[in-house]
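Undergrad: Not my notes, these are from Swiss-Prot:
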type: SIGNAL; residues: 1-24; note: signal peptide
type: TOPO_DOM; residues: 25-240; note: topological domain 'Lumenal'
type: CARBOHYD; residues: ASN87; note: N-linked glycosylation site
type: CARBOHYD; residues: ASN107; note: N-linked glycosylation site
type: TRANSMEM; residues: 241-258; note: transmembrane segment
Amino acid sequence: MIFSRYFIPIILTLLTSSPLFVDADPNMEELEGTWSSKSNTVFTGPGFYDPVEELLIEPDLPGICYSFTKDGHYEEALYRVKPNPKNHSCAVASVTYQHGKYELLSNGSLVLTPIAVDGRQLLSDPCNSEDPSKSTYTRYVQSTWFKTYQVYVDSYHGRWTLQIYQFDGSKMQPLYLAYKPPVMLPTIALNPTDEASETASTLGSVSHKIKRSRMRIKRSLENQYRTNAKREIYTEKFDKIWWSSVFCLALASSYFFLKR
């Protein structure tokens, strides 16, 4: 009687309020999709970076987004703002795009290796630049190593969540599954270069290859709204877990009232 009155409600509360973790063994299939931070304004794909015009498109709010395919490709879109508490007009903002291949190690670590020629960053540092009204646009390449990650259903938001742990074990902000399959630009080199000798024939050949590559990318961008990617918020698996929890709660409540 005492157990049913005091301990069953506590156990059920913990059951229904805790994150529901799945897939104990790390695998690429559980990573597949586009994962975006809580601001829900930063997404990978052509809406963030236009490789034909080499244009970074600034989102409405800061945030981060990572997309993964199940065959080892990734893309990242980062919009970060670092405030200056002493002078609010000196905030540093950066918009960063990279894509490439990732490796999932046996210990659960993630190693992201970008395509060096494709990374781009737009940096605004008004208090440390000659012209505060202008931002700096540069090539950017930075490999990344994440210590580990977890994929689970957040019971509060009811969404699939990706929790990444940085190299030092600290948590990144949680990312929520937005699209599956992922929304990404082509996984090939978007801005290829060639270091061959600069003869006329070589330059013509390289120019032709780059032109063909850009045409493929352009066609991909034209088809961006024909993607079969779906926004993933509620899933059948989560519904089963949720209704199982509701059934357990109802059963325990009935037992509690019948015993009184």
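Using the three backbone atoms N, Cα and C, a Cβ is placed for every residue, glycine included.
Note that the coordinates shown come from a computational prediction; the quantities given were computed from them, not determined experimentally.
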Undergrad: Using a Cβ cut-off under 8 Å and a sequence separation of 6 or more, which residues in the same chain sit near ASN107 (N-linked glycosylation site)?
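TA: Result: THR148.
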Undergrad: Over the topological domain 'Lumenal' (25-240), what is the model's average pLDDT?
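TA: The average pLDDT of the model in the topological domain 'Lumenal' (25-240) works out to 85.
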Undergrad: For ASN87 (N-linked glycosylation site), which residues of its chain lie six or more apart in sequence with Cβ-Cβ distance below 8 Å?
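TA: Those within reach of ASN87 (N-linked glycosylation site), by Cβ under 8 Å and sequence separation of 6 or more, are CYS127.
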